[in-house]
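Engineer: OK, Swiss-Prot features for this one:
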BINDING   Gly392, Lys393, Ser394, Gly395, Ser396, Gly397, Lys398, Ser399  ATP 1 binding site
BINDING   Gly1087, Glu1088, Ser1089, Gly1090, Thr1091, Gly1092, Lys1093, Ser1094  ATP 2 binding site
CROSSLNK  Lys1022  ubiquitin cross-link
DOMAIN    27-319  domain 'ABC transmembrane type-1 1'
DOMAIN    357-603  domain 'ABC transporter 1'
DOMAIN    1052-1287  domain 'ABC transporter 2'
CARBOHYD  Asn61  N-linked glycosylation site
TOPO_DOM  1-25  topological domain 'Cytoplasmic'
TOPO_DOM  47-75  topological domain 'Extracellular'
TOPO_DOM  97-150  topological domain 'Cytoplasmic'
TOPO_DOM  195-262  topological domain 'Cytoplasmic'
TOPO_DOM  284-296  topological domain 'Extracellular'
TOPO_DOM  318-715  topological domain 'Cytoplasmic'
TOPO_DOM  737-763  topological domain 'Extracellular'
TOPO_DOM  785-838  topological domain 'Cytoplasmic'
TOPO_DOM  860-865  topological domain 'Extracellular'
TOPO_DOM  887-945  topological domain 'Cytoplasmic'
TOPO_DOM  967-981  topological domain 'Extracellular'
TOPO_DOM  1003-1290  topological domain 'Cytoplasmic'
TRANSMEM  26-46  transmembrane segment
TRANSMEM  76-96  transmembrane segment
TRANSMEM  151-171  transmembrane segment
TRANSMEM  174-194  transmembrane segment
TRANSMEM  263-283  transmembrane segment
TRANSMEM  297-317  transmembrane segment
TRANSMEM  716-736  transmembrane segment
TRANSMEM  764-784  transmembrane segment
TRANSMEM  839-859  transmembrane segment
TRANSMEM  866-886  transmembrane segment
TRANSMEM  946-966  transmembrane segment
TRANSMEM  982-1002  transmembrane segment
Amino acid sequence: MNFLSFKTTKHYHIFRYVNIRNDYRLLMIMIIGTVATGLVPAITSILTGRVFDLLSVFVANGSHQGLYSQLVQRSMAVMALGAASVPVMWLSLTSWMHIGERQGFRIRSQILEAYLEEKPMEWYDNNEKLLGDFTQINRCVEELRSSSAEASAITFQNLVAICALLGTSFYYSWSLTLIILCSSPIITFFAVVFSRMIHVYSEKENSETSKAAQLLTWSMNAAQLVRLYCTQRLERKKFKEIILNCNTFFIKSCFFVAANAGILRFLTLTMFVQGFWFGSAMIKKGKLNINDVITCFHSCIMLGSTLNNTLHQIVVLQKGGVAMEKIMTLLKDGSKRNPLNKTVAHQFPLDYATSDLTFANVSFSYPSRPSEAVLKNVSLNFSAGQFTFIVGKSGSGKSTLSNLLLRFYDGYNGSISINGHNIQTIDQKLLIENITVVEQRCTLFNDTLRKNILLGSTDSVRNADCSTNENRHLIKDACQMALLDRFILDLPDGLETLIGTGGVTLSGGQQQRVAIARAFIRDTPILFLDEAVSALDIVHRNLLMKAIRHWRKGKTTIILTHELSQIESDDYLYLMKEGEVVESGTQSELLADPTTTFSTWYHLQNDYSDAKTIVDTETEEKSIHTVESFNSQLETPKLGSCLSNLGYDETDQLSFYEAIYQKRSNVRTRRVKVEEENIGYALKQQKNTESSTGPQLLSIIQIIKRMIKSIRYKKILILGLLCSLIAGATNPVFSYTFSFLLEGIVPSTDGKTGSSHYLAKWSLLVLGVAAADGIFNFAKGFLLDCCSEYWVMDLRNEVMEKLTRKNMDWFSGENNKASEISALVLNDLRDLRSLVSEFLSAMTSFVTVSTIGLIWALVSGWKLSLVCISMFPLIIIFSAIYGGILQKCETDYKTSVAQLENCLYQIVTNIKTIKCLQAEFHFQLTYHDLKIKMQQIASKRAIATGFGISMTNMIVMCIQAIIYYYGLKLVMIHEYTSKEMFTTFTLLLFTIMSCTSLVSQIPDISRGQRAASWIYRILDEKHNTLEVENNNARTVGIAGHTYHGKEKKPIVSIQNLTFAYPSAPTAFVYKNMNFDMFCGQTLGIIGESGTGKSTLVLLLTKLYNCEVGKIKIDGTDVNDWNLTSLRKEISVVEQKPLLFNGTIRDNLTYGLQDEILEIEMYDALKYVGIHDFVISSPQGLDTRIDTTLLSGGQAQRLCIARALLRKSKILILDECTSALDSVSSSIINEIVKKGPPALLTMVITHSEQMMRSCNSIAVLKDGKVVERGNFDTLYNNRGELFQIVSNQSS
C-alpha cells in the first residue's frame, strides 16, 4: 500500500514542522526504535517457525527424546524477544509522541505569531467566521499532533514490520509469498479510492463544525441579548441545522471507512486460500518443508493483521492531512510578515513631545468595504503639547484616524507625518511606544486588576517586582488619577482581585477608568482618547476630564468626543461630517459665529432651562481645588476622604498600596458600590462549587448507562452490537477452519498431507467465514459509527438547549468560558464517538470471542486453555493500572490544552487592544508559561502511553511463548494430537489478540471519558442554574387600552423590594424600595454609580429573580409571568450595542415573531437618524454588517431601531446615548421627550439633556427612591438630583 499518499495533502505533509537540526537526537532514537520494533513481528515469525519445526521432527522421529530442551529454548526465545522489545518499543513510541508534541507546540507558536504579528487588521475585519475557525483550528492542531505521533508511530512500525515480514516470507519461499500476496493490488486500489472519499467528507464536516462553533460562541457571548429578545429557540434551530450537516457528512465518511475496513478484512483473510493449495503441493513435491510453509504463513498472517491494525491509523493520518491543510490555510491567508515595515527609513526615536502631528489630504476606505469612503481628503494638524478635540456624528470617520495613525491599516491616499516624517517611514513599534489610544470599547482581560492596569506599561515595569516603592507609587498614582482608589478598596482582594470570568465583572464606566489608568502608566507623548469617558456618570466624567487635563498639560492630547461641554474656550477643535473636515478653530471662535455647525450642535446640547445657570460657587471651587491638589491627595468629598475615612494616610504603617494590594480580612464586609451603566454588569464574585480542574470523572460504566438510556436509535445500536457479536464470533470460527487447513499441510505419520478434497472443503469454508467476517465488520463499523454520531449530535443539541436556558449568573463561572465550552462541544465530543464505535465494539467482540473461544478451547483442549486463562489476571491488573495512569494524564493534558486555548482566545478577540498597548510580549510570555506546563504533562503522557503499549505487547508474547511450549509438549507426550493443539492454539491466540485490542483502546477511552464528564456536568447542574418557568404563568400580554381611563393605575409597581446578587448576598442593592411607574411616563432613572439603576432592568426582565418584595407588571407579579411573554412586553437597549455578522435586515428583525414590512424598517431607521447610512450602503438593508468597523453610534442607533420594531409596551433605554454625537443624541432626546411608541419608557442615564427630556424623574440612593418629580422641580430643590448634575457631592 502507498502509505505516504495518506500523509500528504496538496503540498503539506504532516511532518512539515519537524526540525531536523533540533530534533536529530530524538529522530535517531525514533528511527532506530521504529525499525527495531518493526522487526519484532518478523523475528517472531522466524522463532515461531523454529518452534513448530520441532513438530515435524517429532512426527518424523516418532519420539520426543532430546526435543524438550530445544522446545524450552525456542519457546523462551519468543518470551525473551518480548522482554527485549519493551525498552525498544517504549523508547520508540515515547519519541514518536514527543515528536508529535514538538510539532504541535511549534504549530501553536506559529498560530500565535500569526494572530499577534502577521495578520493585518483587515484580515480580522474580513473573517466572518473568526471564532468558529478558531475553535476548529485548535482541533486541527490536536488531530495533526495525533497523526504525527501515535498514528505515525504505529503506521511506520507496521510499515517496517510489513517489509520485514515480506522479506522473511520471501526468504523462506518467494514463490509461496507471491501466490499469497497476489491480491494486494486490489487491496491498494480500494484503499486509495475510499481514502479520497474520506478526505472529501472530512473537510466538509470540519467546515460545518467551524460554523457551529461560531454560532455557539456568539450565543454565549450574547447570552443576555438572546434572553431579552426571546431567541433561544431561533439559536437552537440554527445550531441544530448546522449540526445536522456535520452529522450527514460524518456518516458518509463513516460509510467509506467501514467499507474500506470490510473489504480489506475479506481480502487479507482470503489471500491464504491459494497459498494453502500451493504450499500443500510444494510439500508433497518435497520442494518445501513444513518449517518454510509455517514461517511463510505466519509471516503473511501477521502481515494481514498488521494491515488491518494500520487501517484505523490511516484514517487518523488522513484527518491529520486535512488538519494540516486547514492550518496552512490559516497561516497563509492574509498573512504578511512585518507588513507595515516595508519601507522603513527612520527607525530612530523622534522627539514626539515637541513634534506636530499632521494628516494631509488623507482619503481611506476599509478593505472590507472598498466602495465606502470613510475619510475624504482629510487634513488635520495637531500642535505639540496642546489639547485638540475632534467632534462629529457617529460614523464620520473620527475613530479611523487612530487606526491609520498607528498603521493598523495601509493603502490610504495622502500622508500622515510626525514632525515632517511620514509615518510610513517610521517603525510601527516606535509609533505605538509613543502613542496611546484609549478606545470607547475598552477591553479588560481575564486576569487580576493589577495586571490589567500594568498591561499598558513597559515590559520591565509590568514584569518587575511589584513590591518596589517605585511601582507602588506608580500604581497608587494611576489608581488615584483614574478615580479607582475607593473602588479598589472595596474589592475582596484589592488589586489582586480577578477580573472577568470566575471573578469580578466590571461595568462600562469602571472598565473605562481602568483603561485611563493604563494610559497614565504608559504616559506617552501623544494620547488619543476615543470617547474614553462616555460610560461614566456626570460626577466621575467631569472630575476625570479635569484630572486628565492636569496630567496631560504640555503634552499632545487628541480627544474624540460627543460631549461638547468638555471643550474649553481656547481648545482647538475639528468638526467632521461624512468623512470630511467641515469646520475647525477654537471653541470660542466657532461659537462666535452662530452659523457654524459646531455652534448649532453646542447650543442644541446645552439648550437648558434657566435652572442650569444656577451654579454652586462652592462646588466649582472644590472642583478646581481637586485638580490642583491631584498629585498630593484628592480632596473632593467624593474621593478626597476615601483614604482618610478608611484610616489610611501618609503616616500609616500600612500604605495605600498595601491596602489595595492585599485582601483586607480584618475589615467588616460592607456594601460594594458598583457602576451599573450596562445591563447585567454588577459586582459578582464567583463562588465556584468545583475546582478549577473541573468535574469528577464519570466511570465508563456510568457513561455507557447514560448513553444506552439516551441514545436515539436503540434498535440500530442493538443491530450494530449483534453484528459486532457475529463479527467477533467469526474470529474463533475462522481460527477453527484455519486450523484444519494447517492440519492439512502437516505430514501425518505416514508422511502424507491433506488430500485435494480435504483442502478444497476447508478452503471454501475459510472463504465463507472470511466473507461473513468482512460483511459483519462493515455492518458493525457503519452502524455503530452512525449510532455514536447521532448520540454526539443529540448531546450537542442538548448542551445548546441547556446553554440557552442557563441563568445569567452561570456564565461568569470559571469553567464556563465561551471558548472552552465551544471547544468541548464541537471538538472534544468527537472523542466520545470512539466509546460507542470502538470501545463497545471491542468489548462486545472481546466478550464474544472470550466466551466462545475459551469454551471452544476448553472443549478442544482444557489443559492448554487453563494455562492461558491463568495469565488473564495479569492482563486485567495491568490494564487497570495503565488505564488509571493514562486517565489522569489525559485529563491533565486536556485541561492544560483548554488553558492554552483560552489564552489564545483572549488574544484573538482583543487583538486591537493588545496591539495598541504593545502587550504582545506579555501574552507571549503568558502563553509560553502555559505551554511549558503543558509540555511537562505531555511528556508524562508520552511516557505512560509508550509504557502501556510496550508492556501489553510483552505480556502477549510471553503468553504466546508459554502456549507454544505447553501445547507442543502435550503433543509430544501424546495427550494432544496436532489437530487438537492447532485448534486450541489458534482459538486462544485470537482471544488474546481481542483482549489486547481492548487495552489499546484505553487512550481513546480516557479522552472520551473526560469529554463525557464535562458535558454531563453542564447537563446535570443544579436546577438553580436554569431560568425557571412557571407552568401556570401569565401569557396574556399587556392591553394598552386598560390604561386610557380616568383611573390612574401603575403599569409597574415595586413593593418592599429588597435584593442582593446571589454572588454577593450581604451587599444589598435595594432595601425595602417602593415606587410606581405609570402609563405615558418617560421615566428617568437617575443615581450615582452603584445605586442599582441597571439592576432594576435585570429584575424587571427576570434575568435575576425577585425573592423579597414584589415587582408587578400590569398587576401581575413578575414571578407569575411566563418568561417569554414578559420579555416580549419589554424592549431593552443596552449601553454596549450588540450586533452579529449578518445583514442589516437580519439584525433589525432579530427576535421578531411576525413578518415586518420593509417600509416599517425604514421608518424606524429614520426615527433614530440612521436612514441615510443604510440607504448609502451598497445593498441597503441587505448589506452585511462588519461589527468591528461600525462606529459605536451607528451600532447603537441600529439597536434602538431594532428595539422599536419589537413594538413592546415597555421600552428601556440604558445609557443609550453615551456613544452618540450631539445631533444623534438630540434626535433620541427628542424621541424621549415626545414619548416613544410605548406605554412606558424607562431611561437610565447620566446625561442631563436626557434627564430633561423625561417627563418624570426617580432618583435612587442607598437602595431606595429618594426623590420623585420632574427635572426642573427636583433641580431647583437642590436635593440629590442637583448634587448629581452640578457635581456637588454629599
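The backbone N, Cα and C atoms fix where each Cβ goes, glycine too.
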Engineer: Taking DSSP three-state, what's the residue listed as 'N-linked glycosylation site' in: helix, strand or coil?
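Structural biologist: DSSP call for the residue listed as 'N-linked glycosylation site': helix.
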Engineer: Hey, does the transmembrane segment (716-736) touch the transmembrane segment (982-1002), meaning at least 3 C-beta pairs closer than 8 angstroms, sequence gap 6 or more?
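Structural biologist: Contact confirmed: at least 3 Cβ pairs fall under 8 Å.
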Engineer: Taking the centroid of the Cβ atoms of Gly392, Lys393, Ser394, Gly395, Ser396, Gly397, Lys398, Ser399 as the ATP 1 site, which other residues of that chain lie with their Cβ within 8 Å of it, listed in sequence order?
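Structural biologist: Going along the sequence, the neighbours come out as Met576, Ser1191, Gly1193, Asp1221.
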Engineer: Would you mind listing the long-range same-chain contacts of the transmembrane segment (297-317), meaning Cβ under 8 Å and 6+ residues beyond its ends?
Structural biologist: 1, 3, 6-7, 14, 41-42, 44-45, 48-49, 143, 146-147, 150-152, 154-155, 158-159, 161-162, 165-166, 168-169, 172, 177, 180-181, 187, 191, 195, 198, 257, 260-261, 264-265, 268-269, 271-272, 275-276, 279, 742, 993
Engineer: Rounded to the nearest Å, what's the C-alpha distance separating Lys1093 (ATP 2 binding site) and Gly392 (ATP 1 binding site)? Just drop the number here, would you?
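Structural biologist: Counting only the Cα atoms, the answer is 29 Å.
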Engineer: Mark yes when the transmembrane segment (76-96) and the transmembrane segment (946-966) have three or more Cβ pairs under 8 Å (sequence separation 6 or more) and no when they do not.
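Structural biologist: In this chain the transmembrane segment (946-966) contacts the transmembrane segment (76-96) - 3 or more Cβ pairs sit under 8 Å.
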Engineer: State the non-local partners of the transmembrane segment (839-859) in its own chain: residues 6+ outside its ends, Cβ under 8 Å from one of its Cβ atoms.
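Structural biologist: Contacts of the transmembrane segment (839-859) (Cβ under 8 Å, skipping residues fewer than 6 from its ends): 700, 704, 720-721, 724-725, 727-729, 731-732, 735-736, 780-781, 784, 865-866, 868-869, 983-984, 987-988, 990-991, 994-995, 997-998, 1001, 1004-1005, 1008.
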Engineer: For the transmembrane segment (716-736), could you work out the same-chain residues 6 or more beyond its ends whose Cβ comes under 8 Å from its Cβ atoms?
Structural biologist: 269, 708, 766, 769-770, 772-773, 776-777, 779-780, 783-784, 786-787, 836, 840-841, 844-849, 852-853, 856, 983, 986-987, 989-991, 994
Engineer: Fewest other Cβ atoms within 10 Å: which of the recorded positions Asn61, Ser394, Ser396, Ser1089, Ser1094 wins that one? Let me know.
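Structural biologist: So among Asn61, Ser394, Ser396, Ser1089, Ser1094, the recorded positions given, the one with the fewest Cβ atoms within 10 Å is Asn61.
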Engineer: Please name which of the recorded positions listed here, Asn61, Lys1022, Gly1087, is nearest in space to Lys398 (ATP 1 binding site), Cα against Cα.
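Structural biologist: Of all the candidates listed, Gly1087 is nearest in space.
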Engineer: Could you state the CA-to-CA distance between Gly1087 (ATP 2 binding site) and Ser394 (ATP 1 binding site) to the nearest Å?
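Structural biologist: Gly1087 (ATP 2 binding site) to Ser394 (ATP 1 binding site), Cα-Cα distance: 27 Å.
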Engineer: Tally the residues of the topological domain 'Cytoplasmic' (785-838) by DSSP class, grouping H, G and I as helix, E and B as strand, and everything else as coil.
Structural biologist: 44 helix, 1 strand, 9 coil
Engineer: In the three-state scheme derived from DSSP, which category covers Ser396 (ATP 1 binding site)?
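Structural biologist: Note: Ser396 (ATP 1 binding site) is coil by DSSP, not helix or strand.
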Engineer: Name the secondary structure element type, per DSSP in three states, that contains Ser1094 (ATP 2 binding site).
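Structural biologist: Looking at the DSSP assignment, Ser1094 (ATP 2 binding site) belongs to a helix.
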Engineer: Helix, strand, coil residue numbers for the topological domain 'Cytoplasmic' (97-150) per DSSP?
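Structural biologist: Its residues divide into 49 helix, 0 strand, 5 coil.
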Engineer: Counting only residues 6 or more past its boundaries, what in the same chain has a CB within less than 8 Å of a CB in the topological domain 'Extracellular' (860-865)?
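Structural biologist: Residues 854, 963, 966-967, 970, 975-976, 980-981, 983-985, 987-988.
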Engineer: Under an 8 Å Cβ to Cβ limit, what residues of the same chain, 6 or more beyond the ends of the topological domain 'Extracellular' (967-981), are close to it?
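Structural biologist: Non-local partners: 51-52, 54-55, 58-59, 64, 67-68, 71, 75, 739-740, 743, 746, 860-861, 863-864.
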Engineer: Using Cα coordinates, what distance in whole Å links Ser1089 (ATP 2 binding site) and Ser399 (ATP 1 binding site)?
Structural biologist: 28
Engineer: Restricting to the same chain and to sequence separations of six or more, state which residues have a Cβ under 8 Å from that of Gly395 (ATP 1 binding site).
Structural biologist: Phe1173, Leu1190, Ser1191, Gly1193, Gln1194
Engineer: Select the closest residue to Ser396 (ATP 1 binding site) from the following recorded positions, measuring between CA atoms: Asn61, Thr1091, Ser1094.
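Structural biologist: When the Cα distances are compared, Ser1094 comes out closest.
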